Amino acid sequence: MQQTYPPVSIFGVPTDVGAGRRGASMGPEGLRVAGLVEALIARGVDVADLGDLKGPKNPWTGPEAGYRHLDEVVAWNRAVLDASSAELARGRMPIMLGGDHCLAIGSIAAVANHCRANGRKLRVLWLDAHTDFNTSQITPSGNVHGMPVACLCGIGPDVLTRLGGESPSMQVAQFRQIGIRSVDPDEKRMVKEHGLDIYDMRYIDEVGMRRVVEEALEGLDADTHLHVSFDVDVLDPTIAPGTGTPVPGGINYREAQLIMEMIADTGCLGSLDIVEVNTALDQGNTTAELAVDLVESLFGKSTLMRD
Ligand SMILES: NC(=[NH2+])NCCC[C@H](N)C(=O)O
Ligand SMILES: [Mn+2]
Ligand SMILES: [Mn+2]
């Protein structure tokens with residue numbers, strides 16, 4: 001089934017202020033060098049690479065009151081929010097190239113505002129080894145890239161929970177998380193208390209990726225905007241070593257492709273983050289190259305013989 005996609009606007013978010021290891025700041029360039037723009041053009045997508053957003057440098061200091069680099073995280077996320085909001089208002093699909101996963105606070109806040117203003121439903125598919133549901137009280141690291149889902153649901157510092165406006169951008173029930181296998185003990189308690197919908201690795205092993213994706217995408221319709229937040233550490237580190245918080249036992253190549261192909265089939269993709277590509281830790285540029293390969297599937301590249 002050949003689909004047409006809205007025009008795409010790409011931004012780099014070259015920062016690692018939310019992470020505990022340096023190098024995710026080079027992710028945008030890694031993805032460009034891996035041919036992201038060319039791959040989308042080859043898929044027939046109208047794509048504009050609008051370059052890199054600007055923000056403060058990484059001061060590389062320790063956590064203060066439970067957060068590392070909170071001011072810098074806020075500044076970067078304001079830039080992400082503004083850029084995403086502008087592209088959505090122009091009818092274009094924003095793709096944010098991380099950078100660490102804290103940028104999802106700004107990108108999803110923008111999408112939530114856009115959906116609210118246009119009477120659209122919003123579903124977020126969070127592909128990750130981690131639930132990213134920590135708070136300043138329970139975080140083992142102070143790294144804000146471990147907190148974006150909580151912040152978006154209104155749990156976190158006002159400067160982040162109110163980034164997009166007065167009320168929290170998201171409700172827990174709008175998230176589906178796939179690939180989870182590393183959750184801190186107190187974070188696990190929080191996740192359970194709030195009832196996050198999680199498809200962890202054990203469940204994927206038991207029922208298979210096809211059913212997992214069917215369940216995670218259930219209920220999508222023509223009025224739904226689907227935001228995909230793709231943390232490359234969802235992939236097994238043997239195929240995607242270039243990331244700051246790798247966890248063994250991740251999803252394999254075909255499982256990852258199947259997720260992307262099934263999303264493409266829905267026709268609901270509305271926006272995308274590709275985060276935590278850390279070229280400093282990669283073998284060559286393989287992690288970015290794999291991410292590009294997966295994005296091609298997300299935009300309808302198919303190995304199916306029956307279509
Ligand atoms: N987006 C990520 N890679 N997050 C990793 C979070 C790791 C850990 N749970 C922490 O809070 O520090
Ligand atoms: Mn993450
Ligand atoms: Mn992660």
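Yeah, the Cβs are placed from backbone N, Cα and C, and that goes for glycine too.
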D128, H130, D132, D231, D233 bind Mn(2+) per TrEMBL; candidate in H101, H114, H225 listed for that same site: H101
DSSP three-state assignment for H130 (Mn(2+) binding site): strand
Cβ neighbour count within 10 Å of D128 (Mn(2+) binding site): 28
Largest tally of Cβ atoms lying within 10 Å of a Cβ, found at which of the binding-site residues H101, H130: H101
